[in-house]
Amino acid sequence: MDLKNKRVCIIGCGNLGKSILNGLVDDTDYPSEHIIATKRSLAAIESYEAHGVRITTDNVWAVGESDVIIVAVKPYKVLSVLNDIKEHLNPEKHTVISLATNVHVNELQEALPANLPIFRAMPNTAADVKESMTSICHNEAGLSELKTVQYFFDKIGTSIIINEELMDAATVLGSCGTAFVLRFIRAMVQGGIQIGLDSKTATAIVNQTVKGAADLLIERGNHPEFEIDKVTTPKGCTILGLNEMEHNGLSSSLIKGIVTSYDKIS
Ligand SMILES: NC(=O)c1ccc[n+]([C@@H]2O[C@H](COP(=O)([O-])OP(=O)(O)OC[C@H]3O[C@@H](n4cnc5c(N)ncnc54)[C@H](OP(=O)(O)O)[C@@H]3O)[C@@H](O)[C@H]2O)c1
């Protein structure tokens, strides 16, 4: 089947579900009519009907109309939602993808019919602008549906397949990481204001500088230190500022924060 003919439902269109919905609706290749969005209270997603998306409170109906089921409810609700839909799932037709942190593939398998392709995916909120980093793992049956699942997540950014043991670490870097980078950006802007820029100008400079630095690494595949060496003239202002940040624990505090998040999640 041409992958764009696969129909998808997003069960639980809250923050993350809506980010994925936005990414798919904006995609000119994928028909919005193939998307169903569910939620118990529909007011916040009614506007998507104008794009052709079908919305409903009925998860069982949504499953019957879909091939790929993305479960985007809070982790503590995942198993009860799966319990409601499990009798309507067919391993020959359906693929289930859970976005819940810390609900493992074996728990999902126990709650669902045998031989069903089951995935865990960990996108981030940049799905909203098609720049998510999504880490994906799967059960044995999922091997046959890798292309399908990556097709959807690549529409909202970039995806990688990893072993499930690495999912917690990937969640800290890829999902908590959004907040870490945003706080770094905010601190840069505050520094910029202190040295004379207005907030709007500082924000424009910092946002594009961060994006450009990331693009340099993504497009060239270089090590960050290689790019840093290019900017740090001996005795110049960049190395002085950078070393002052390091004396105050920049790298160390980032690493400690990442490990603290990991200890909490795992
Ligand atoms: N936020 C992130 O960056 C991020 C990243 C990766 C993974 N995740 C995972 O994504 C999941 C969702 O997180 P979130 O921040 O998007 O949560 P959220 O904003 O609370 O969204 C969950 C939605 O599920 C709906 N819901 C609850 N019960 C339902 C049911 N029985 N049927 C259909 N819809 C139902 C709720 O709307 P109603 O009350 O109207 O039903 C709510 O809007 C979590 O499992 C989280 O671990 C989040």
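Even glycines carry a Cβ here, placed using N, Cα and C.
Quick look at what TrEMBL lists:
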- 7-100: domain 'Pyrroline-5-carboxylate reductase catalytic N-terminal' (DOMAIN)
- I11, G12, C13, G14, N15, L16, A72, V73, K74, P75: NADP(+) binding site (BINDING)
- N59: NADPH binding site (BINDING)
- 164-264: domain 'Pyrroline-5-carboxylate reductase dimerisation' (DOMAIN)
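Cα-Cα distances to N59 (NADPH binding site) place none of the binding-site residues C13, N15, A72, K74 within 10 Å. Among the binding-site residues N15, N59, the residue whose Cβ has the fewest other Cβ atoms within 10 Å is N15.
Annotation for A72 (NADP(+) binding site): same-chain Cβ neighbours under 8 Å, separated by at least 6 residues, are I10, I11, G12, C13, G14, L16, G17, I20, L99. Reduced to three states, the DSSP call for N15 (NADP(+) binding site) is helix.
Summarised as a single figure, the pLDDT of the domain 'Pyrroline-5-carboxylate reductase dimerisation' (164-264) averages 97.
Residue environment of I11 (NADP(+) binding site) contains 28 other Cβ atoms, counted within 10 Å of its Cβ in all protein chains. DSSP gives K74 (NADP(+) binding site) a coil state; it is part of no helix or strand. Counted within 10 Å of its Cβ, the other Cβ atoms near K74 (NADP(+) binding site) come to 12, all protein chains included.
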